[in-house]
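In what follows, a structure is listed as structure tokens, so that the remarks can point back to it.
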Amino acid sequence: MSQAAETLDGWYSLHLFYAVDWASLRLVPKDERDALVTEFQSFLENTATVRSSKSGDQAIYNITGQKADLLLWFLRPEMKSLNHIENEFNKLRIADFLIPTYSYVSVIELSNYLAGKSDEDPYENPHIKARLYPELPHSDYICFYPMNKRRNETYNWYMLTMEERQKLMYDHGMIGRKYAGKIKQFITGSVGFDDFEWGVTLFSDDVLQFKKIVYEMRFDETTARYGEFGSFFVGHIINTNEFNQFFAIS
């Protein structure tokens, strides 16, 4: 049996995607619509307080295209905290006008493919802690997609030796390093949590960088032979103080 990669796991992650039911929302009187938007704003401003205590983080983006209108991404120390957030969100009046289109449950993950040998406790390493328990950037754009490592009769990632996988992941990582300063990447593991094995969340102030890195990695052996991908979601940041304009209907 091939040796399994060890992982370091950080905050639990929940991506929630919604489409706005504009037709129904249009029937709501303006004063009532303003009230439910204000309630939504207050909810998200309250959940965002974890950032200052370094006990979680969140991001809100307006998704481009018809897959969704809004992405709410929450990071928390415990899975049950994500349940609480989702349950409380569903009780908001605005939730009656937001149609769930997709969700993804995972946990911030670092693998040991590229790690050197050390007796140090990795969870005490400041660099590693910053990656496992991150402060999310307020970049203009976000890109999210789920992925698997292929396992079929021809190409099976899980039948490769540890040394083979380490070599492939090293080459793969070298491409990613070319985009340092342009893209911020977060990998979340989801084996046993969701339908794919990993979620990839990218941040950048230049949306074109998403296309460039994904295209370049198509030629990398790790992706070309072993990568399988779900849907891609791309969007622009939206702040809670922009909600009145976003939900405004003339």
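Glycine is treated like the rest: Cβ placed from N, Cα and C.
For Y145, the entry in Swiss-Prot reads active site, with the evidence type sequence analysis. Within its own chain, Y145 (active site) has G199, V200, F229, G230, S231, F232, F233 as residues 6 or more apart in sequence whose C-beta sits under 8 angstroms from its own. Y145 (active site) falls within a strand segment according to DSSP.
Per Swiss-Prot, Fe-coproporphyrin III binding site is recorded for R131, Y145, P146, M147, N148, K149, H172, Q185. For P146 (Fe-coproporphyrin III binding site), applying a Cβ distance below 8 Å and a minimum sequence separation of six or more within one chain yields Y104, S190, D194, D195, F196, W198, G199, V200, F229, G230, S231.
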